[in-house]
Structure formats: structure tokens, C-alpha cells
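Worksheet for the structure shown next.
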Amino acid sequence: MKMLRALLLCLSLVFFLAFQIVVSEIQLGSKLVVGENTLWVSNNGDFALGFFNPPGLLNRFSIGIWFNSNSIPYDQRKVVWVAGAGVVVSDNSSYFELTRNGELVLFDSLLGVPVWNSKTNRFSVSSALLRDDGNLVLLKDREEIVWQSFGTPTDTLLPNQKFPAFEMLRAASENSRSSYYSLHLEDSGRLELRWESNITFWSSGNEVVKKKKKKKNIGAVLTSEGALFLEDQDLMRPVWSVFGEDHNDTVKFRFLRLDRDGNLRMYSWNEDSRIWKPVWQAVENQCRVFATCGSQVCSFNSSGYTECNCPFNAFVSVSDPKCLVPYQKPGCKSGFNMVKFKNLELYGIYPANDSVISQISSQRCKKLCLENSACTAVTYTNDGEPQCRMKLTRYISGYSDPSLSSISYVKTCLDPIAVDPNNVSKESPVTVTKSHSICIPCLVGATSTTLVLFLGFQLGIVVYIYRRKKKLAKKKAERFSKATNPKGVMIFSVDEIKAMTDNFDNNIGPQIFKGVMPENELVAVKEVEATLTEERKFRSSASKIGTMHHKNLANLEGYCCELGRRFLVYEYAKNGSILDHIVDPLRSKKLTWRIRTDTCLSVAKALCYLHMECREFVSHGNLNCGNILLGEDLEAKLTEYGFGLCAADKDVEDFGKTVLALITGRYEPEGVVSEWVYREWIGGRKETVVDKGLEGCFDVEELERVLRISFWCVQTDERLRPSMGEVVKVLEGTLSVDPPPPPFACARSSPTNSSESSQSLYEP
């Protein structure tokens, strides 16, 4: 028995030594390999650095630091830092190395490229060290810190870790993609919790630094005693503070984390219960965390815990896996109804810009939604000031609670009521009491005569209707010909279109012809398929488009809808389309880097105008390089807008693909170019994707910004795509853009695991 115990003890020691390497100093050339399961451990053993499996990602590995104390069970050893904010590798031969030139590098052997590095090869790094406080540092001359993990936090702060102004924590997400939630410290001295980039749903209070005196030497810090301070280093004192409920208690381990549900919490290790206990949280009511339930509604159950549910299931198809408000089909011929939900507060999340109308009644609020084709739901509140919040998206989140006075109304289509076969009244049985003799020849003669008269009458009606329709159609054509509708758009006949284009003799593109108006004004005439939209909708759309004016939209001069053919007459663009230039090596030389980036911005502004600045939402529906024209000064003008019916996110996706085609000089509608560009970008070879015709004349920083926003636009999950307003700000340089998660199936790390798709391979 003693021999067996001794053997087990030896095996345990061998196992421990095989998986942990306690080092006081990490030498250049040191390496951790996925398949070897080795660790770098701090001197006190409280922290370890190594590869781990992110939750829910089978055969995927990230490199990070976690609590490693023997007093903490393995399932409670929380990760406190991850290289690259969630970068994953998949092959067992992938590794993390402190290279000879002083860089920390995470290398994916399957892709054959480094997917993250510390970018410290110019700092004369001599060694690395995982300190007892959990900070991984790179040292110059074994003393001076030139890089530290505390300086690149992910979602967690450890005691005494500084959180300076303009720094950010980003919550982890279940699929390892970049999360929607982030924590920011403004230079005004205020901590802010944000959803995406523009929704602040919690802050630490009023600004503590006056606007004229904003400065960078203000920071947040979690103390080992369990307090969170905002410190002004000039004043040498806290300007804001909160305390955990166990403040000043003897607790060995603490951390502050931005959790996946969007709330900021302070945790302490409880030795008695052997669990991490939350001792403070920023948002007391979890349902007040913006979009904490995604596109569902948050509420509290009888046990006091939050739960997410979908109140719209009764109005959507059972085949729709998402909880979305009903799709407002334009062809709903039976009208719309507003379904009432008491004690429910709704708000749009994609995009998160509800239209707010004050001093209004609930009836008027509902009516406005019914009159607006883009409106999907409204929330009405009257807490002293009546307010109507109109949602213009199907992606809606909310909060339900009996204490809420809010009333929400969801727009639904009134489908025709089908006849219930169970309610159809059955005929009463007829009892024949007496039989009579029947004259068969008389019956046949009468029936034949009646049938002939009936058919003759029907034939007469058909002939009359046909002749009347033909006459009305002729009058209608004459009425529209050589006319202008009330909104100023010319309406032409087919004969006029033929005369204008010299019988379609001058073809300048696919179904596009050069024409001359009677006033010698040059125009471009585009023939569109008559099957795309019915005549009434085509005329309505053309009339509406004629009222739109933006410098980056080609003016619609007129249209033709006659004899089964449809034409659009646009102002003439001298230099043709972007597609004409991309496919022609000689013409592509006109597209300098500045022209290309200006074109991206111009198209973004045009789409932003259509989506957000018109009285009603207008989609493009078919954006591509072929319908972006270049005027005399090579200024972009968008055509064929307003006739396609689609959601905003489809236009955003098409925009991203178009931008990538413009930057690379390669046009592939199937999206092959987009996937290739992403692989090059993630491999650190972004310069190779630029059109060779530019001969290296481009701005690297601008290229990075354009590629990042393009990858966000083409995300497979449409909820991750930005609004066109955000795209404009990014391209203008007034809004920063985070590194995007892999947008395509091609960005998977392993071809053998197709179910585990789209993992994050980006730099922080």
C-alpha cells in the first residue's frame, strides 16, 4: 500500500512538472506550444500564462493569464488577460514565443502566419517576467519595463492595475467575436459603459474635470482592499470612488470585470464557499443594461433573476429563429394593426436611433406609426411629459416589468381571415316526400338554349372589356407622353426614348444608352426589367426619386413605363462607371488613391442620405461598381437607387464589397475578393491587396481604416454591420473603428471543424 502511494505521488509530481514551469525570468527564444500543455507561472504560483480553451470553442486555443493558486479549484480559475483580446489558433503545433528580437508572437501553424504580436522588436528587450501581481512584462536590460499586459487590458482589471484615460475594456463574447459592450474612461474623469460605440447606458457620475481643463493624467484603479477609485494624479487624491461590500476585509484575490452581459462587477474570492462573489456592480437593475437580452425582452422571474423572452412569437413565422418584430411587407393588402403590450418598454438596437416625438397622445403615436412604412413599433410613456418613441427597425430589445408605465404597440399585418372548416355550416338533409315524372327532352333543350345564351353573353362582355382596356391604355399613354408629373419628373413614351437614343444606337454599358434631350442635354437611358416591380410601384418609386437631391446621387430626369417596357433617364456622367475603369487597365490609371477614397466617402454619404435623411427610408437594393458613375471631375454619383426593396444592412453589405473591389481593382460579385483581402489583412500583408496600378501610391493608415470598416460591413451576422452614418464618420476620420472579427466562413481556423466558424483572429 505504501509503495502504491509513493508511486502515485511520483506520478503527480511528474504531471505537475510537465504542465507547469515556474520561472523567475523568461529568456529570449522561450516558447509555449499548444500540444505540449506547458505554462509560464509567476514566482508565487498565483498566476499562470498558457493556452486554454475559450468557452464553447472546441479545438480552439487562446493564450492568456489566469488565477493559478492552489486554493482556487480549476473550474474557478478565471482568465484575467488574453493576447489579442480573443485571438484563437487551432493546430497543436501553434505556439506563443518570446522571439530573439524581443517580440511576443502568437503563431498559427495552420494558417502559417502570426496572428498577434507585441510589436516590441525595436525596444532591445532582454527578457520577460510574469510578476506576482499577474502582470506580464517585457524588460530592457532586465529592469526597464517596455511593454506590459497591464497596459493592454482585455475585460479585466487586477488590483493596482492602472486604467488611464482613453483606455478601454471590452467584454468577452460567447462566440469569441468582438463584444458589443465596452468600458471607457473619458478625459473628463468619467467612466462610461457603452453598447457598440454610440450608446452610453451607465456613467460614474458628472464630469469631475472641467471641459477647459481636460487632461490625460486621470486614471482608474482597483485597490487590493476592494475599492474602485478615479484618481487625479495632479491632485494626488480620488475624485470618485465606490466600495465593494467586503471593503477592507481580508481577501487575497479580487478583480474587476466587464461581464458578457454588459455589466461591470467587482469580484472577491470567498475562501469559505470557494466561489467568486460579486461585491459590487455598476448597473443595479440588469434589465437596464442596454440590449442585455439582444433582440429579446428582459424581465425578472419570481426568483428575482433576469430572463429573456420573445413577446413577438405569436406574430412571426415559426421558421424564423430570431426574435424580431413582424416584417412589414409592402404588399400587405389587408392593412395593419397595432398590438398593445402593457408595462413594456421597447427600443431599437440595429440601428439604435429611435425617433422621439414629445407632447403627443397615445392615439396619435399609434397613427404616426401606421402612416410610416418604416415604423415597426412604438413605445408611449407619460411620466409628466407625454413621449412617443418610434422604432424604424425589426431589431428591437426591451424591458418588461409591472412597475413600468410604458405601453408599447407593435405593428402587424392583418392577413385575410381564412374560413375554418370546422365552422362551416352543413346543409340540412332534404327529405323527398313525393316523386314526379320528368320530361327528359324538354330538360335537355332548355339547358342547351340557356348555355348558348350564357356563353354568348360572356363573350360579349370579354370583347367589351378588352376594347375598353385598350382604349384606356392608349389614353393613358397619351396622357403620360410628353408630360411632367406633379413632382417635376418627365414621363416619356417608348417612341420618345427611341428618338432620344437614336433607336438605341449608342450603347455605353449593359442596357445603358447615351441619349440627347430636345434641349441638347446629354442623358443616360437605362432599360430595366419590367418583371422587377409592378407598373404602379415603378411609377410611384420614380416619382419619389425625382424629389431627391444630393450631390452624390445622379439626378433622375424622367422615366418611361409603356408597352411592357421601362426606362430610367439619368443625367449623363462623362466618365462612365467605376466598373468601366476597374476592368480597363488604361482607364484604371485615372483612379488615383485619392479618387478611390473620395469615391468610397461619396457613396457612403449618398447611402446615408437615402437611409437616414429622407422623409422615409429608401434602400438602394443593388449597389455595385456598375451603378456608381463618375462625373466630369471624377466625382461619384449613385444611380438605380430607390427601386430595390431591402433592409439597410443589405445595402451596407453591398457597400463593403464595393469598397473592397475599388481598393483592390478586382471585381468579383460572389465575394471571393472580400475573403482573399481578409486573409491578407489578418496575415499582416494588407499592402499586397491594393490595386497594383497605384504603384504603391497610397496612405497606409487610411488603407487600414478603409479595410476595417469594409470588413465590418460584410459581416455574416447582419447585426454587427454598422449604419451608413457610422461608416461616413469612420471614413472621415472622426470615429475610430475597432479591428473586426472574421466576417466570412473562410476565416475559420480549421477546415475540419466547419461548425466552429468565424473565430476572432485580429490584433487589439
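Even glycines carry a Cβ here, placed using N, Cα and C.
What you see is a predicted model, and the numbers here were worked out from it, not measured in a lab.
Taken from Swiss-Prot, the feature compositional bias 'Low complexity' covers 749-764.
Counting every protein chain shown, the number of other Cβ atoms lying within 10 Å of the Cβ of Cys298 (disulfide bond) is 24. What Swiss-Prot records for Cys287-Cys298 (among others) is disulfide bond, and it gives similarity to another entry as the kind of evidence.
Taken from Swiss-Prot, the feature disulfide bond applies to Cys293-Cys308 (among others). Under 8 Å, Cβ to Cβ, and six or more positions away along its own chain, Cys293 (disulfide bond) finds Cys287, Thr306, Cys308, Ser397, Gly398.
Look at Swiss-Prot and you will find Cys332-Cys413 (among others) tagged as disulfide bond, backed by similarity to another entry. When other Cβ atoms within 10 Å of the Cβ of Cys413 (disulfide bond) are tallied across all protein chains shown, the result is 16.
Counted within 10 Å of its Cβ, the other Cβ atoms near Cys365 (disulfide bond) come to 22, all protein chains included. A helical conformation is recorded for Cys365 (disulfide bond) in the three-state DSSP classification. Under the heading disulfide bond, Swiss-Prot lists Cys365-Cys388 (among others), citing similarity to another entry as support.
Sequence annotations record features per position, and here Swiss-Prot assigns disulfide bond to Cys369-Cys375 (among others) based on similarity to another entry. For Cys369 (disulfide bond), the same-chain residues that are 6 or more apart in sequence and have a Cβ closer than 8 Å to its Cβ are Met338, Cys375, Thr376, Ala377, Val378, Met390, Tyr409, Lys411.
According to Swiss-Prot, the domain 'EGF-like' annotation covers 283-320. With a cut-off of 8 Å between Cβ atoms, the residues of this chain six or more beyond the domain 'EGF-like' (283-320) that come close are 180, 193, 195, 199, 201-202, 261-264, 326-327, 339, 341, 344, 346-347, 349, 352, 395-401, 410, 412, 719.
Per Swiss-Prot, region 'CaM-binding' is recorded for 586-603, and the stated evidence type is similarity to another entry. Through the fold, the region 'CaM-binding' (586-603) approaches residues 552, 575-576, 578, 580, 623, 628, 630, 634-638, 655, 658-659, 662-663, 665, 691, 693-694, 697-699, 702, 706, 728, 731-732 of its own chain, all at least 6 residues removed from its boundaries and within a Cβ separation under 8 Å.
Residues or ranges marked as region 'Disordered' in Swiss-Prot: 738-764.
Summarising the annotation, Swiss-Prot assigns signal peptide to 1-24 and lists sequence analysis as the type of evidence.
According to Swiss-Prot, the transmembrane segment annotation covers 443-463.
Across the domain 'EGF-like' (283-320), DSSP assigns 6 helix, 8 strand, 24 coil. Averaged across the domain 'EGF-like' (283-320), the predicted model reaches a pLDDT of 84. Of all the disulfide-bonded residues listed here (Cys332, Cys365, Cys388, Cys413), Cys388 has the Cα closest to the Cα of Cys298 (disulfide bond). Packing around Cys375 (disulfide bond) is summarised by its Cβ count: 23 other Cβ atoms lie within 10 angstroms of its Cβ, all protein chains included. According to its DSSP assignment, Cys388 (disulfide bond) is in a strand. Every protein chain considered, the tally of other Cβ atoms within 10 Å of the Cβ of Cys332 (disulfide bond) stands at 15.
Around the Cβ of Cys287 (disulfide bond), the number of neighbouring Cβ atoms within 10 Å comes to 21. Within 10 Å of the C-beta atom of Cys308 (disulfide bond) sit 15 other C-beta atoms, taking all shown protein chains into account.
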